[in-house]
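Colleague: Straight from TrEMBL, here's the annotation block:
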type: BINDING; residues: GLY199, PRO200, SER201, GLY202, SER203, GLY204, LYS205, THR206; note: ATP binding site
type: COILED; residues: 543-584; note: coiled coil
type: DOMAIN; residues: 74-444; note: domain 'Kinesin motor'
type: REGION; residues: 1-39; note: region 'Disordered'
type: REGION; residues: 88-121; note: region 'Disordered'
Amino acid sequence: METQCPNTATIRRNPHRKARPTPSNTAAPPIPHSLSALQDIPSFPMDDILSIQVAQNPQPNFPTSSGEAGVAENLKVFLRIRPLKPLQGPGKFGKNGDQTSKLSAKNVWPQNPSTKNTANEKNKKKKCEICITVNDSRSVTLSPSSALQDLKRIKSEVYEGFSHVFSADSSQDEVYETMVNPLVEDFLGGKSGMFAALGPSGSGKTHTVFGSPREPGMVPLVLRRIFKQTGVSGSETSRSFYISMFEIYSERGKGERVLDLSPNGGDLFMQQSTIKGLQEVIISDVAQAESLIGRGMLKRATAMTNTNSQSSRSQCIISIRCALEKSEGEADVQSNNAVLTIVDLAGAEREKKTGNQGTRLLESNFINNTSMVFGLCLRSLLEHQKNPKKPLQKHFQNSLLTRYLRDYLEGKKRMTLILTVKSGEEDYLDTSFLLRQASPYMKIKFHNVEEPSNLICNKRQFQTLPRFEQPKRFKFSGLDVYAVSAKKLKEFEPVEVLVQSPKASKSNVDDNGPLKPDSFNLAERERNSQIMQGFAKALWNVLKEYKDKLEVAENVIHSLRDDLRIEKTRNLELEKQLEDLKSSCSCSNSESRANNSPGLVGHASNFHEGQHDTSLFISLLFRYDCVSVTGSRLSEVVVSSPQSLAMVKNDNCSIMELNQLHNEKDENLLDPPLSLNENEAFTRGCNVGNVPETESNLNSCCKRLNVEKPKRRLLPASSLLLRDIGGLNFEDESEKPKGIRGEKKLAADETKRTQGSLSLLHLLRSNLHR
Ligand SMILES: Nc1ncnc2c1ncn2[C@@H]1O[C@H](COP(=O)(O)OP(=O)(O)OP(=O)(O)O)[C@@H](O)[C@H]1O
């Protein structure tokens, strides 16, 4: 039997994203041409100014407290190469063959019993080829194996710029003196600092940090240094040191946890960048401190992997805090809290190499993730320093370790890194990855490094010298200034000298010679003034540029204002003309008004009885409010609007006929009649026939009237006119309501008369009777 395939429907859980609508092309409102010049004014380049890299002191020959050159502002990155075969090497790890080698193969600190005696056999099969060679104290060359070179065409790479490269045969003491001691000196001087060991698994981070009984690492060496320095007791002030130790680990991949590694410590939690409940143990001597560290190491999570028989599975952080406590009469206040932080990171692991599975794999993920976040923080800091427009990313939030070390990872406190690498041929990829990732960190700068939090800590190192009596201040003016002798000027020199280190104090004070201001402070001041100068220069240039642009803008504004003023006057003129026009067009019975607009007076006398009688014409003029009576005689009726003429033209009143009439019957004509051409042009200019005329036409028309024909009077009325007037029965019409003004209405009811016409007719009649 044939089974039918059911209709299948594909349900897309994540529907296609709709493409974002492209930004509409609606054009921006047009910018006036005069303003377009202002468009290219850039925004204030504050970011550019801030990104100006002020050169460091070109001759950093001033000694820092650490005795190093002025590069102290850069993040120091050291490189340490682990010996290829530490297990078999004679001398350093013991001369007594396997037994010594076996001992040295393990960390000196007590091992976690669960992972004891579980060395991996694979580690013993090491090849003799090396991938990294030291060029000089600051650079190395990394070369892939010949197989890799052939296969992937990878070439040798040179990495340079390290603060120092420790070769495979370097000792712990060498590392301490070069790298850690400056930090310790700063720490004792009141500055916080941190150093961290980074590198792949088994590269020697824990060895460097903690070392072995034969070769104590940085932590025991720091402790020895601290107690050697502060061994003097019974003085006015005394310093106390507190130590705390904890690890950040991940239990089976279930998030990060913090464990206090001090003897009675337990699980802790972190609030922002602070670990709550972390125990600080006061330490009084080296032995106590080392014992404390040893016990902490026992608690630390370690495990065997293919790369390390005792691989750290957590990030371990040791903090030593220095506190100055006053006694005997002085306020009992802890006034200094400089902290020296030492970090032993768990080494990044490649799954292929370690062969981790299950819990180890989960740990690997946690370790790699933390290393990655740590690296991201530093990269972000570097990019932010290169280009301040790029914000400092908050990668530190992504792991507890970076949250705890936030101040260091944001460049607020001084930090030093030591990269540990293995030199074996098979370690090429790990080494290459680390160097590529970490070598750019050398460019990180610490501009705002924390200054000694409280100088009272250095009270012993202060050399307060007797003050010279301050001379009275004189007011100098003009040439008096030059009269001040060099001797007097010397009196103003500073007399209090801060000595940063015991060495410096010795060299400055013991001689009893002239006092020199502390060179470190001088250098700092010089650098600060250099920065300020650079900033002021940049600011000056920007301001200058903006001043120019402001001037351009002001010119544009001036021209715009002029334009506006011209436009306003034009507008006023036009309004005035319009007013005149309106006033001249409106029917005004007052003579004065008619006289005010003489330009609009037309020649009513040019009209002659034609198809319509004159009375009708006059009434028509009244009807359209275009006529006024200037005297008691009909001859003084004036036409006050070009519309009147237009109307007349529309009524088929022949201009020619009017002219003829004018020539024949009126010898008192004041002005010669208009010629035919003139009349035609005149009427054409007035837009004859179109009652609603435009202003421009009216203007031109009125101007023409004004210029050519100022004012004309009508001739005495003809006998026909008298007859017509006499025959008109206007008595009755006066009682009738006024007709609606309009041409059509007029045509329909010509016999109706307006009030104006009636009054005119009355006037005419009375004249006739006289
Ligand atoms: N510079 C060195 N000289 C002699 N032996 C070294 C040196 N560096 C490391 N070792 C040895 O190499 C082995 C691995 O070192 P270590 O445990 O310090 O590596 P690690 O980087 O801490 O590894 P992980 O990240 O897995 O903890 C140890 O037995 C250690 O003694």
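Here the Cβ of each residue, glycine as well, is placed from N, Cα and C on the backbone.
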Colleague: In the same chain, which residues outside the set GLY199, PRO200, SER201, GLY202, SER203, GLY204, LYS205, THR206 have their CB within 8 A of the centroid of the CB atoms that define the ATP site?
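Modeller: So the additional residues around the site are ARG82, ALA197, HIS207, ASN308, GLY347, THR420, LYS422.
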Colleague: To which of the binding-site residues SER201, SER203 does the lowest count of other Cβ atoms within 10 Å belong?
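Modeller: It is SER201 that, of the binding-site residues SER201, SER203, has the fewest other Cβ atoms within 10 Å.
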Colleague: Non-local Cβ contacts of PRO200 (ATP binding site) (under 8 Å, 6 or more apart, same chain)?
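Modeller: Once residues fewer than 6 apart are set aside, PRO200 (ATP binding site) is near THR307, GLY347, ALA348, GLU349, ARG350, VAL421, LYS422, ASP427, ASP430, THR431, PHE433, LEU434.
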Colleague: I'm checking region-level scores; what's the whole-number mean pLDDT for the domain 'Kinesin motor' (74-444)?
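Modeller: Mean pLDDT across the domain 'Kinesin motor' (74-444) comes out at 80.
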Colleague: List every residue in the same chain as GLY204 (ATP binding site), at least 6 positions away in sequence, whose Cβ is under 8 Å from its Cβ.
Modeller: ARG80, ARG82, THR420, LYS422
Colleague: Using DSSP with the three-state reduction, classify PRO200 (ATP binding site) as helix, strand or coil.
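Modeller: DSSP assigns PRO200 (ATP binding site) to strand.
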